[in-house]
Amino acid sequence: MIRSALASFVITAVLLVVVVGIVLVPIAMQMPDPLAVLDMFVLGPFRNPRHTGNIIEMATPGMMCGLAVAIMLRAGMFNLGVEGAFFLGGLATVATVLLVPLPGWAMAPVGLAVGAVVGSSVCAVPGLLRARYDASELVSSLMLNFAALFIGLFIVNYFLRDPTAGAMVSYKIPNDARLPRLVAGTRIHLGTIIAVAGCLLGTVYLFMTRAGFESRIVGLNPAFAAHLGLPIRWILLRSQLIGGLIAAGAGGIEMLGLYQRFSWQGLPGNGWTGVVVAILARDNPILLIPAALFLSYLQVGGDLISRNFDVPSEAVGLIQALVLLVVTSSAIMRNPRLLRFITGRKAAANKTSGPKVAEGSAA
Amino acid sequence: MSDIDFVGLLSFVPAILRVTTPILLAALGVLISDRAGVLNIGVEGMMLSGAFVGVVASAATGSAAAGLIGAIIVGGLLGAVLAGAVHILKADLILSGIALNIAAAAGTTLLLFLMTGDKGMSGSLASQVLPKVTIPVIADIPLLGTLLSGHHILTYVAFLAVPGVGIFLTRTPLGLRLRAVGESPESAAIAGINVVRVQVMALIVSGAFVGTGGAFLSMGYVSWFSQDMSAGRGFIALAAEVMGHGSASGTMFASLLLGAAEAIAVALQGRGLPSELMQTVPYIVPVIALVVYARRRQRLLARA
């Protein structure tokens, strides 16, 4: 058991290095000094405390969106509304803080609570339609992401827009509402602690509570869950409500932690990063923390080379896509020869190709 | 409402067809993949890549046809990549599709920057556009002319492909095998059908259709490529296919409905309604339609 977990860890680590190399080396070769590019990407994030802080800031939404995706995936739900929930959650939080007269101390908690509830609708509505009418949560959540985007932009343009600012951005978020910074010289804020605590609570929820156990049964084997007489519809809906609340809360935390004004003009992409984080962490909430840190380390490295050399930071998107692909590839991850090579013993039981990973809802 | 007369409504037809074309082409691609049991979630990324390659290839060769062929080829290649991910790497279908979308968004921006030094737009590339087609005699008939003539060449391709795909799926041996694979891969394999080959082929053809839809975006709808220009149209196509209930004609009507919603939204923007709210319409209509269909299916199941 421990050996196979170790093998999986080793394979993942080697794959990640290979993937980063495959994308980065050819791009670096285009530059006059390839070694300087690679050096900046790999070691640059650690040379300056501010950049190391950036890794932790960026990992914060990654952890929370990853947690939201993981909780829904564990229940077998391919709900991709995390992206829209994150966006709408951030917007509703800023709108509450700006429009509702609140005492200073209440701004952040009330704003985040309202943001979480409003934003969670992007995950909850597909969840409800799935539970009530058996409509595909995959397709409806993809649609509602864009609906949330345009409704959000409407609210910014008509209710929150600061006419003195040049671009379409909101009024300034009041200082009282901002989340406190934790480490001098970086922008690490209270949200990081909330995110780490969220991952720990997520572990408790999934593995130590009745509700989490039920959702894992439904996700692993719906027929068995039905046979047990579990309230499947309610369990599915509950997972997606929780996921939506977490993702939308993450959007609000991101806004109050890092931003001066609401300035997103499009979907920020954190939800998709959350999918990659969750898959990399094998839907295990504890592992979300290193997975999110790793992906944001890549992002910071990408930003550094794009600022210092003529390399667009989009290269990181290619790395993310490849990570998603190879980590879900059971031909690599469950390859019996590879596993035997690493654990150093003959595991005859591994001969079978293993259970299928997350069956697609293509029907 | 008196200013909206019949002729006024008719003038809407070209706009609706224009908006419907990329959705329909992509939705037909999704249809073929879905019937083979390998729903193509990478449709958004394939569309974006098709749009990008169309601009680059036509700028490089100076020929719009070469751009279109390039877009079709890259769509097919990405279909093959997705098939490889599913069948060789044994990765999850939906996650591979999401990976393809992420990679296409990043890859097109990266390549655009390496080629032009600009991350946002392909303005500096002298790309070509595909022509509009005027049908000789029909164009002169008052109402019929507006309806049938003067549209973009890919609009005709899209609508002519509907019966083509429909006949292929329901009336040919290969189409029957494809549907059998989608219905039950195990039974199809027992019946001697090469499931992997059918699914690989379906994804390649699917990609070619989606790539064509992408080419329309950058070589018809507008004449340039811009970052993330597919803007969720691939996902709308996915919704259209789901609404179309797995038939080519159903997919066409669903695409037309969503295209009309988008065209009306664009037209109403000019009348002082908030444009952002109008832009939500094409994304909300599929959700409502999905619910209506799902309810009807539930009721039918309950009665059976």
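Using N, Cα and C of the backbone, Cβ positions are placed for all residues, glycine too.
Keep in mind that TrEMBL annotations are predicted by a computer and have not been checked by a curator.
The transmembrane segment annotation in TrEMBL covers B:6-31, B:38-59, B:65-86, B:93-115, B:153-170, B:200-224, B:277-294.
In this chain, the transmembrane segment (B:93-115) does not touch the transmembrane segment (B:6-31); fewer than three CB pairs sit within less than 8 A of each other, excluding pairs fewer than 6 residues apart.
Tertiary proximity for the transmembrane segment (B:38-59) is limited to same-chain residues at least six positions away from its ends with a CB under 8 Å from its CB atoms, namely 22, 26, 29-30, 66-75, 78-79, 82-83, 86, 93-94, 96-98, 100-105, 107-108, 111-112, 115, 122, 125-128, 182, 199, 202-203, 206-207, 210-215, 217-219, 224-225, 228-230, 232-235, 237-238. Cβ atoms under 8 Å from those of the transmembrane segment (B:153-170) belong to residues 17-18, 20-21, 24-25, 28, 31-32, 35, 68, 130-133, 178-179, 209, 212-213, 215-216, 220, 247-249, 251-252 of the same chain, restricted to positions at least 6 beyond its ends.
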